[in-house]
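TrEMBL annotations:
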type    : residues                                                       : note
BINDING : GLY113, THR114, PHE139, ASP224, GLU225, VAL226, GLN227, THR282 : pyridoxal 5'-phosphate binding site
BINDING : ARG142, THR281                                                 : N(2)-acetyl-L-ornithine binding site
MOD_RES : LYS253                                                         : N6-(pyridoxal phosphate)lysine
Amino acid sequence: MTTRQSGNEAGARRWSAALMNNYGTPAVTLERGAGSHVWDADGRRYLDLFGGIAVNVLGHAHPAIVDAVTRQVGTLGHTSNFFATGPAVELAETLLRLTGFGDQGRVLLCNSGTEAVEAAFKIARRTGRPNIIATRNSFHGRTMGALALTGQASKRTPFEPLPAGVSHVPFGDVEAIRAAVDDQTAAVVLEPVQGEAGVVLPPEGYLRAVREITAEHGALLVIDEVQTGVGRTGSWFAFQREGITPDVLTIAKQLGGGLPIGACIAVGPSAQLLTPGLHGTTFGGNPVCCAAALAVLRTVAEEGLLDNVDRVGKVLTAGIESLEHPLLAGVRGSGLLIGVLLNRPVAPQVAEAARAAGYLVNPTQPDVLRLAPPLILTSDEAEGFVRDLPAVLDAATPADEKESGD
Ligand code: PMP
């Protein structure tokens, strides 16, 4: 029999310079997870509202994923996409059913969000038209094509020159799209909700209007649902809330519930543009990742998690909205993608105070905390966070702003 030692006794490794530092030195080393909780190397427990950056739909160590992955890795772990496998075929067919694209769609499986977007970029290039319209403050990934679409100077500038032909218009502004799109436009690329920008929602009807404009000019509409897809906003895909069909859809993050998998799904004529030999990736369609994705999709459906997203999302947004605190400016979101807006650029300090109180949250922007918890989060867990938030905000309030008390 083995006994679980605490991280310290087991000699758990903490931050090491052997790891390239992407986001700043992590303050905590996580060791294990179960349900919506994770534990650090010292055995401290956190409610995971960070969700692996909107990935862990079924929380941690969900038996459906554990079983599916264990079975598949012991059966056929990898083949490359020179070969079809049962899990890849079933996943593609399931995605075409859930998106409603049916036999009009073709699924290209890859390993991440940025790769799904790169494939969409290549499809846009294959139209033969030179220009792509994306939106300001958008985030589409960090590889060079996806970065060219990303509308944030801080991420782009250090890597210029980027692939040419992309211009950025204000997000949520139909007239800006109308003015920018013409018969030289290959594609308009959009997030239904700008996640990394701080959970920014467009006005209702935006996607519908952009769909009409792109169709008028024969330009593709590429919807990037890497962050909003697979139930995050309470429907399988956010585009379905506006009753439109995109030409290209990109998904990743929550699709694998923690295993690295993404997909670029092309619909109708755009599905014919990447002909054999033009694109590929060694790990795309990996059967273990596909098995995990199938377990995710099945469990979201079987456990009624889309309804849970609506229900628990409302508990969080309504609860936070009802709070009054000098640091709190408001809350916005869709389903379980929620931005907590702060009056001051203290999101990193609030995230740190939250961690000390047992919650992991993502300081997405200097003045926005993003909550992207597992879709299995319960109302009780959400209410607990709402109850503790004022004390967390107190703890993060700069000393010179605290009342002296006399
Ligand atoms: N598109 C969107 C909308 C995203 O939010 C992200 C990741 N935050 C990406 C693309 C890139 O995904 P990945 O990090 O898996 O490359």
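Yeah, the Cβs are placed from backbone N, Cα and C, and that goes for glycine too.
Overlay of TrEMBL annotations on the structure.
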residue : record                               : DSSP class
GLY113  : pyridoxal 5'-phosphate binding site  : helix
PHE139  : pyridoxal 5'-phosphate binding site  : coil
ASP224  : pyridoxal 5'-phosphate binding site  : strand
THR281  : N(2)-acetyl-L-ornithine binding site : coil
Candidate recorded positions ARG142, LYS253, THR281, pick with smallest Cα gap to GLY113 (pyridoxal 5'-phosphate binding site): LYS253
Starting from the Cβ of GLY113 (pyridoxal 5'-phosphate binding site), draw a 10 Å sphere and report how many other Cβ atoms land inside it. 30
Those binding-site residues in GLU225, THR281, THR282 whose CB falls under 6 A of ligand 1, listed in sequence order: none
Spatial neighbours of GLN227 (pyridoxal 5'-phosphate binding site) that are distant in sequence (at least 6 apart) but have CB under 8 A: ALA54, GLY113, GLU191, VAL193, GLY195, GLU196, LYS253, LEU337, ALA372
How big is the pyridoxal 5'-phosphate site in terms of the longest C-alpha to C-alpha distance among GLY113, THR114, PHE139, ASP224, GLU225, VAL226, GLN227, THR282, in angstrom? 25
If I restrict to non-local contacts, at least six residues apart, and a C-beta distance under 8 angstroms, what lies near ARG142 (N(2)-acetyl-L-ornithine binding site) in its own chain? THR114, THR150, LYS155
Using a 10 angstroms cut-off on Cβ to Cβ distances, just flag whichever of PHE139, ASP224, GLU225, THR282 is the loneliest among these binding-site residues. THR282
Spacing of the two Cα atoms, ASP224 (pyridoxal 5'-phosphate binding site) and THR281 (N(2)-acetyl-L-ornithine binding site), in whole angstrom, works out to 20
Could you check what DSSP calls the residue listed as 'N6-(pyridoxal phosphate)lysine' once collapsed to helix, strand or coil? helix
So what sits near THR281 (N(2)-acetyl-L-ornithine binding site) in its own chain, CB-to-CB under 8 Å and at least six residues off in sequence? ASN81, CYS110, ASN111, GLU115
Can you tell me how many other Cβ atoms are located within 10 Å of the Cβ belonging to THR114 (pyridoxal 5'-phosphate binding site)? 23
